[in-house]
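K.L.:
Quick paste from TrEMBL:
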- 40-62: transmembrane segment (TRANSMEM)
- 82-99: transmembrane segment (TRANSMEM)
- 111-131: transmembrane segment (TRANSMEM)
- 163-183: transmembrane segment (TRANSMEM)
- 190-209: transmembrane segment (TRANSMEM)
- 221-241: transmembrane segment (TRANSMEM)
- 253-272: transmembrane segment (TRANSMEM)
- 284-304: transmembrane segment (TRANSMEM)
Amino acid sequence: MAPNNTGDRSQMSWDQLVAPCGRQQLPPAKHKVETNNRLGTYNAAVTPLLVLMMGIACGTYAYKDFPLDPRVKGWLLIENPIGMLVISVTYILASVVWGPRWMEGRKPMQLKGVMIAYNFFQVVFSLYMFVETGLVGWFFDYNYRCQPCDYSLSNKAVRMTRVAHWFFLSKLLDFVDTALFILRGKLSQVTMLHVIHHSCMFMSMWFGIHHTPGGHITFMGFLNTFVHTVMYTYYLLAAFGPRMQPYLWWKRYLTKLQLTQFVLIFLHAAQLLVFPCEGVPTSLVLWTLLYAFIFFALFINFYVRAYLFGEEKPKPSSAAPVKAKDSEDSFSSSKNILISNGPSHPSEANGRIAQFMESRTKHRIPTGATMTN
């Protein structure tokens, strides 16, 4: 039997790293060990389900004084929470139990065309929501200091309500990120934080569109759609493969953009604790602050792990294979970032650091030389 070299990734070329599933795949035994510690059992679903239930409890409290907005009555998945709850629970179970079980013993799928089409649609869809939210509110008319929800039937109020509903549905579309990870065998990307982030965003946006589809709280969606436009543009380019690597130098700044987003959302909501805004209750402000703080903490954890601990890199000539791998991982991690722009699991980040240190020891080559692996 040929020796198994799949564990020594520092000695693998780019072609080996991204070879089609029929040529270069982890053996079933290693694949099983890699995933069974985290996924494939119902115990793995306990944490995200508990977080989801706590989020629903917090949302119920935050919106306790808000009735159903009559303008959204009868809209898809809005009138009652049953659909949202069933979809969220199904997503969690499919992500951490059913999907990984189904992929056991199966070869990862090659979905390059699907990924390109999906990311292109996300870019266009996110850009539309950003522009529409700005035109009917945040570009011209909305007050960044205090903006209660407009429940009238005016043209701009109705348009804001509609785009808020589209934003809610976009969180359902984001579940495709996880499906692509699973089908492509990228199970290390399906972390608990990734699943919690996606399920809780879908749930929290339901509360927003159900009660307040406009006003101060839509600032979160306004910024988020802009960030998603940039983010999915990056993933679209990365999906074309290593030839796009020279144009993806701004990967690191994508994480900084997302961190800036959460800081702005936090500050925009926190000002209402000092200068209350009639029509925007404190419970709603606290709800927004909680989400902004949690997501900021998750993203800053990723940034420190991926860029500060792994800050030092080899010379450009010797780092080419690692950069090529980063291009693939950059797409594989989704917005979510956590993201979204690098390793989504601590073991993967640690592996890259170990790979770098090993390469420094083994490959002492002069400047300008080429490492061919």
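Here the Cβ of each residue, glycine as well, is placed from N, Cα and C on the backbone.
Surface or core, plus neighbours and distances: that's what I need for these features.
P.N.:
Outside the transmembrane segment (163-183) by six or more residues, the chain places 72, 75-78, 87, 91, 95, 99-100, 102-103, 108-109, 111, 114-115, 118, 122, 125-126, 129, 132-133, 136, 189-190, 194-195, 198, 201-202, 205-206, 208-209, 213-214, 218, 221, 224-225, 228, 332, 334-336 with a CB less than 8 A from a CB of the stretch.
Within the same chain, residues 38-39, 44, 47-48, 51-52, 55-56, 59-60, 62-63, 69, 72, 75, 77-78, 81, 84, 87-88, 91-92, 95-96, 99-100, 161, 164-165, 167-168, 171-172, 174-175, 177-178, 181-182, 217-218, 221, 287, 291, 295, 298, 334, 336-338, 344-345 sit at least 6 positions outside the transmembrane segment (190-209) and bring their C-beta atoms closer than 8 Å to a C-beta of that stretch.
The list of residues near the transmembrane segment (253-272) in space but at least 6 beyond its ends in sequence, with Cβ under 8 angstroms from a Cβ of it, reads 144-146, 216, 219-220, 223-224, 227, 230-231, 234, 280, 282, 285, 288-289, 292-293, 295-296, 299-300, 302-303, 306-307, 337, 339-342.
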K.L.:
Take the C-beta pairs under 8 A between the transmembrane segment (82-99) and each of 40-62, 221-241, 284-304. Which stretch has the highest count?
P.N.:
40-62
